[in-house]
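Some notes on the structure that comes next.
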Amino acid sequence: MHDIRVIRENPAAFDEGLAKRGLEPLSAELIALDDARKAAISAAQGAQERRNALSKEIGAAKKAKDEARAQDLMAEVARLKDEAPALEAAADAAAKALDARLAAIPNTPKAEVPLGRDEHDNVEYRRFEGRGRAEAGRQHFELGEATGLMDFEAAAKLSGARFVVLKGHLARLERALGQFMLDLHTTEHGYTEVAPPLLVRDEVMFGTAQLPKFRDDQFAAMPGSVEAEGGAPTRWLIPTAEVPLTNLVRESILSEDELPLRFTALTPCFRAEAGAAGRDTRGMLRQHQFTKVELVSVTTPEQSDEEHERMLASAEAVLKKLDLPYRVVTLCTGDMGFASQKTYDIEVWLPGQGTFREISSCSVCGDFQARRMDARFRRREGRGVAHVHTLNGSGVAVGRALIAVMENYQNPDGSVTVPSALVPYMGGITRIEGPHA
């Protein structure tokens, strides 16, 4: 969420940032809301100060035995007391109106982010050729269904569209990928493993900016009794472990010496994919439930840019060790996520589609999420308290890594060679094949 004080100090810069995202200027509207908030607070405080002053005058009038004046003053105090709840409610409503408007506005991009409208304007940052890009091959779902180890029909009977049942060695390969990634990030990249809850509160989803903007993309979980009565949801299934990991520092004041903090988690993720109708309808690319290793960093403002590059390198290391070809692109202003100041996407090569597809997204959010969470740190040597910066990235999406391994390591007979980095996690299995695997 944006700081209204910063907007007031430089409204033109704020509007320029919005324009880069294709949005109309909003500084004047926000400043007007803030003026209304200040006026409402001033009115409530002024009435309270007047009551306090009149109370002293009542005492003086009684001391002077001026009963008539004392009665008049007491009547005025009573009137002000009656008006106080309405004035306080008006001040509260004005503050909430400003906060609600600020909460609906996306983060503004860093100066170096390329201008653009959509994914076609993203800029390649670097690439890794790995084992080389095969120009043709079967898609993952063709390979999976041929082996009998990837069952979309069974999943549809259980849960509907956009789910999958993995079996045998293919299920083990997905598990191996997740464990491999966690081990890499915790032993080589300095991340602390966390096993977070998968159900979180409204305020936690608000903190990372999933709510209120992306409410329709989420799955709400509620007790059956509440659902039957038409009540409001009490918990949300996490769309990414970014949500609980980032909120570990909500409503806290850290010491500068604690930073940076680095967390990682392997969790299921749940997304309604409300805007994905007709896209990637076959296969595992776009699922309502998928597994992902998440990376989250909490830093000082001075550390966040360097940490962004470090996080990107950590995610890239997964694909390098798997020898998978990929490229990194810097997202343009029109393609960035709501909370992001700058985002790198890692796109892995999929021979079955003959194209690169996103497998990781690494973003720096500045203090945008920290303000929503009230997450701060105390600077050394008494230099005050400031909001932390937050970063998040996929390290990486396990289901899409499985797709990439299947398509890049496929053999002419339809079997899949297990990458050497995963063989220890597969109990020595080097090839996945056949309906009985």
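Cβ from N, Cα, C; glycine included.
As annotated by Swiss-Prot, L-serine binding site applies to THR240, ALA241, GLU242, GLU294, SER394, with the evidence given as sequence analysis. Its own atom aside, the Cβ of ALA241 (L-serine binding site) has 27 Cβ atoms within 10 angstroms in the protein chains shown.
Secondary structure from DSSP puts ARG271 (ATP binding site) in coil. Other Cβ atoms within 10 Å of the Cβ of ARG271 (ATP binding site) number 20 in total over all chains. What Swiss-Prot records for ARG271, ALA272, GLU273, GLU358, ILE359, SER360, SER361 is ATP binding site, and it gives sequence analysis as the kind of evidence.
Of all the binding-site residues listed here (ARG271, GLU273, ILE359), ARG271 has the Cα closest to the Cα of ALA241 (L-serine binding site).
Mapped onto three states, the DSSP output places GLU242 (L-serine binding site) in helix. With a cut-off of 8 Å between CB atoms and residues at least 6 apart in sequence, the same chain places THR208, GLU294, VAL296, ASN392 near GLU242 (L-serine binding site), listed in sequence order.
Counting every protein chain shown, 28 other Cβ atoms lie within 10 Å of the Cβ of SER394 (L-serine binding site). If you check the binding-site residues GLU273, ILE359, SER360, SER361 against SER394 (L-serine binding site), the ones with a Cα inside 10 Å of its Cα are ILE359, SER360, SER361. Residues THR240, ALA241, GLU242, GLU294, SER394 are listed as the L-serine binders, and the farthest two of them sit 9 Å apart at their Cα atoms.
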